[in-house]
Number of protein chains: 4
Amino acid sequence: MFTLGDRTFTSRLLTGTGKFSGTKHMLAALQASESELVTLALKRVSLNDPADDLFSPLKAAGFQLLPNTSGACTAEDAILAAHLAREAMGTPWLKLEIHPDPRYLMPDPIETLKAAKALAREGFIVLPYIHADPVLCKRLEDVGCAAVMPLAAPIGSNLGLETREFLRIIIEQAQVPVIVDAGIGAPSHAAAAMELGADAVLVNTAIATAADPVAMATAFKLAVIAGRMAYEAGLPGQHQQAQASSPLTDFLLST
Amino acid sequence: MFTLGDRTFTSRLLTGTGKFSGTKHMLAALQASESELVTLALKRVSLNDPADDLFSPLKAAGFQLLPNTSGACTAEDAILAAHLAREAMGTPWLKLEIHPDPRYLMPDPIETLKAAKALAREGFIVLPYIHADPVLCKRLEDVGCAAVMPLAAPIGSNLGLETREFLRIIIEQAQVPVIVDAGIGAPSHAAAAMELGADAVLVNTAIATAADPVAMATAFKLAVIAGRMAYEAGLPGQHQQAQASSPLTDFLLST
Amino acid sequence: MFTLGDRTFTSRLLTGTGKFSGTKHMLAALQASESELVTLALKRVSLNDPADDLFSPLKAAGFQLLPNTSGACTAEDAILAAHLAREAMGTPWLKLEIHPDPRYLMPDPIETLKAAKALAREGFIVLPYIHADPVLCKRLEDVGCAAVMPLAAPIGSNLGLETREFLRIIIEQAQVPVIVDAGIGAPSHAAAAMELGADAVLVNTAIATAADPVAMATAFKLAVIAGRMAYEAGLPGQHQQAQASSPLTDFLLST
Amino acid sequence: MFTLGDRTFTSRLLTGTGKFSGTKHMLAALQASESELVTLALKRVSLNDPADDLFSPLKAAGFQLLPNTSGACTAEDAILAAHLAREAMGTPWLKLEIHPDPRYLMPDPIETLKAAKALAREGFIVLPYIHADPVLCKRLEDVGCAAVMPLAAPIGSNLGLETREFLRIIIEQAQVPVIVDAGIGAPSHAAAAMELGADAVLVNTAIATAADPVAMATAFKLAVIAGRMAYEAGLPGQHQQAQASSPLTDFLLST
C-alpha cells in the first residue's frame, strides 16, 4: 500500500488510456491490470459525444481518474487544461505534462515547475511528469507536488530503465512517492523499477499496443508486485566473481 | 505448461538448494516459489546423516528432484556422479554440470558434450548447464539432451542477462526447452529471460541469500509468470523516437 | 575544428584541473592531452599565495582558461563567482555549475537557466553544466549560451554514457556545440560520445586520478580524435543478425 | 608490442579483407590502419584470375597474411582449407573459423578444438575464432594455439562488447594473447576491449562498410592505441556516487 495525496492505493501500477483499439478492450485491460489510478487526456472527455467519451465508462468502473495535460507546451496551457479537467471530471488530481517538443515529447523542467507551484497552491494533487533529474525532483517536492514522475526513457520507446542511475538517486532523496513513467516497455522493466525502490510505475503504450492487452495488463500487474516484494525482501548485490550455488561435490575428485 | 523429458510442468521456475541458512527455511522458500523441479548436489544426500540430508524432506514435500553433478571437473567425474545420484535418489533426471575452473565455475563445453552423449544413451534425462553458445546448444540437443541450460552470467554474480544476444539466438534455434541458468539475480532478470522466449529459468542464489527467502521466492514465482505471459501476449518493439501515449490536447493551443 | 564563442579550437578535448597530485603533474598531463580549453575553480586562483595558484602556470603554458563556478548553490552564488572570476582571470569565459546537492553534485536546471540568462546578457561566454535534458538544452541555447554541457553520468562516477539516448536527442536538436561532461571514465567513453556526434567532451577525474596521468591524457586525446573521425567517416548501423565479413569458401563444401 | 607465434607486432589492430568495394580501396584502408596482420579467406586467392586476387597486392604491400577458413563447417573442412591456404599463400599462419550455422556464423567449439589440436601439431600458428567461453579458451591454449580470438558479438552485428564479463575472465586467465574478434562496430568498442586488457582486436566490417574506409581505419588505429595506453596507465574504477572534480568554492557560501 502506498499513499498519494489523500488516498491510499493497493496497486502500484498506474495505467493510461491512450492507443487502445477501443473502449471495450481498454476497460478489459485496465480491469485485468487491477490498476486503481488511470490517466486520461482532457481531450478524451467528450460529454457531448458519448461514443468518444472515456470519462463515463472509467468512472462507472470505479477507477480513480488522473486527468493529464498532454499537449500543453507552456505552464499557461497546462494551468488552463488543469482547470478544464477539474471542472469536467470533478477531481483535483492532475498528471502535469508540459512538452513543447513535438518529436520526443520531452518534458520542460522550467514550465513544469512553474505550473506545479501554481496548481499545488490552488489545491490540485499534482503529479508532474519530468526528466529523471534529481534536483528538479526535490524542487517539485518543495513546491507541494504529491509525487514525482521521472521518465525511464522517451515516451513510447519501450527502452526500459535508461535513466537507472538517476532514478536511484531520486529514490534515495525523495520524501514523496516516486512513480516511474514513460519508456517502460516490458514487465521486466516495471519489475526493475520497483526493485530499485520506486513506489509505483505508470504503463500505457506497452499494454495498449500488445497483441493481447488483457494478458499484458495481467503480466504487468504481477511484475510490479514481484518487483516490490523483491525490494522489500532484500535483493542481494552483484558480483563479478562466481559464487557456487551448489556445494561442490569434492569427494568425487578423490574417488 | 511445458514438457521436459517425460513430464509436464506447470511452473517454469526451477530452483536449487544451495546457500540456504537451513533446511526449514529452504523448504518454506521452495514451497513459496511453487517450483516443481528442484536441483540438489549429490553431496546433499546423506542417507546416513539425517541432519545433513536434503533428499528425504524434499521428496516428502513432493518436489521432482534434479540431482546435479556440481564439483565434477571431467566427463568421467560427472558420469560417476550421475550413477551415484541415480542410485541414491532413484531418478534418471540429471542436471549435468562440469566446471574445471574453481574460481568462476564456468562450464566445460567439451566434457559436457561427451558426458551428455554417454548419459543420454544410458537413459538419463540430461539437462546440461553450459555457456550461452548457440552451436553447442544444437549439438547437445542432437545427442539427446532433454533441454539446454545456458548461463545468463557467472554463477552467483546476480548480473542478469549478460548473454542476452546469444540467448536470443539459442531460443530461436532450439528444438528442446531452453532453461536460463546462473546469474539471475532479481525477479526482473527472470522476467526478462521469459520475455525473450526462454521456456524456464533456474534461480538459486538470489532466493537463498535474500534477507527474506520466502518473499523472494514468491517474487520470482510471479515474475516468471509475468514474463511468460508477456511473451505470449506479444511484446511491442523498441523505438528510438518518442510515441505519445496520450492523444495531444491540441485544441489547447488554439484557445 | 570547432567554434565556441569567438574562438576556434583544434582540440575537442576539454580538461579540468581538479584532483591532480600536484601542479607539475597537472601541467604535464594537460600538455599531453593537447587540450586548449581548461576549466578551473575560482578557488584555485590565489594571487596572493603562489604555491596554491593554478592561474599563472596555466596562463603561462598558453591554455585558454575556463573558470567554473563549482560550489555555487544558487544563481546568485554563480553570478557572484562569475564576476569574481572574470576580474581575477581576465576572461568572460565561464563554465556555469550550480549544484545545491552536496552528495551527487547534480546540476540545478532552474537556477542554471536563470544565471545563464543573466550572464549571457552581460557578455559572458557561458557553457552551462546540466542534466542531459533536451528541453533545458534548447532553453539554454535560446538565452544565449555558447554551448551546452550535458552530463554523461554523475561527476566522478566514471560510468560512461548512462544518458546515451538523451544525448542523442540533444545532439540532434542543438544549434550550439554539445560538450559531454561528467562521468566519462575511460577513453572508450570519450570516443563513444564523439561517435554520437558530440562536438567535444570534458574529462578531468579519469585523467587526474590515473596511475599515469600523462599517458592517460594522451589516450584520451587519441580517443577523442578517433571518435570524431569515425563520426565523420560514417559509422555503419547495428544488426541483430550475423553478416559474414569473409566470403564463405563454399567450394570447400563440395570437395 | 606484442608477440604472436614467432613474430612481434607493433600494431594491436588486426584487419580483414571482406566487404570492401574494391581492392584499391581495401589497400588504402589497410595501410591507413597500420595493421600488420591481415586475414583473408582462401577463396580470395585466385592465382589464375589476377582481377579477383587479393594475395599478390597484400603481399606486395608488406602485410603478414593470416589466411582464414571461413566457410568451413567441420574440423575436416578446416584442415583441408588450412593445407590449401598454406600451399597457396606460403604461410603456416591460420585464423581457424568453423561455423556450421549459416545464419549467425557462430563458431563450433567442438570442431574448432579438434582442428586446432591437429593443426598446431602440424606446425600451424593457429588463431581460433571462438565464443567467449573461458574454459574453451584454456583448452585451445593447452593444445598449442598461438592466441585465442573470442567474439565480442555476432559477426557483422556491430553491437560491441556484449560478452564483456566473459572477456574479462578470459583475459585474466589466458597465458596466450587474447584478440577480440567479431562484433566490434566502432572505435569506442575497440578501445573498450583494449581497456579490459585484450592484447589486440580484429576489425573488418566496420572499416570495410564505412562511408569513408580510410578515415575509419585511421580512427580504429587511434582507438586501439588509446585503449591500450589507458589500460597500461591504470584506469580508475567506477563509482555510484559523485566525486567532485573541481574543489568546491565553499567561501562563496559565506560571502
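Just so you know, the numbers here start at 1 and follow the chain as drawn.
Quick reminder: no glycine exception, Cβ is built from N, Cα and C everywhere.
For the 1-deoxy-D-xylulose 5-phosphate site that TrEMBL gives as A:Ala182, A:Gly183, A:Asn204, A:Thr205, the extra residue drawn from A:Gly156, A:Gly234, A:Gly237 is A:Gly156. The least crowded of the binding-site residues A:Gly156, A:Gly183, judged by other CB atoms within 10 A of its own CB, is A:Gly156. With A:Lys95 (active site, schiff-base intermediate with DXP) as the anchor, the candidate binding-site residues are A:Gly156, A:Ala182, A:Gly183, and the one with the nearest CA is A:Ala182.
With a threshold of 8 Å between Cβ atoms, the recorded positions A:Lys95, A:Gly156, A:Gly183, A:Thr205 that neighbour chain B are A:Gly156, A:Thr205. Its Cβ taken as reference, A:Asn204 (1-deoxy-D-xylulose 5-phosphate binding site) is surrounded by 24 other Cβ atoms within 10 Å in the chains shown. Counted over all residue pairs in A:Gly156, A:Ala182, A:Gly183, A:Asn204, A:Thr205, the record's binders of 1-deoxy-D-xylulose 5-phosphate, the longest Cα to Cα distance measures 9 angstrom. According to DSSP, A:Lys95 (active site, schiff-base intermediate with DXP) is assigned to a strand segment.
Ranking the recorded positions A:Lys95, A:Ala182, A:Thr205 by other CB atoms within 10 A of the CB puts A:Thr205 at the bottom.
On the 0 to 100 pLDDT scale, the model's mean across the domain 'Thiazole synthase ThiG' (A:4-247) is 91.
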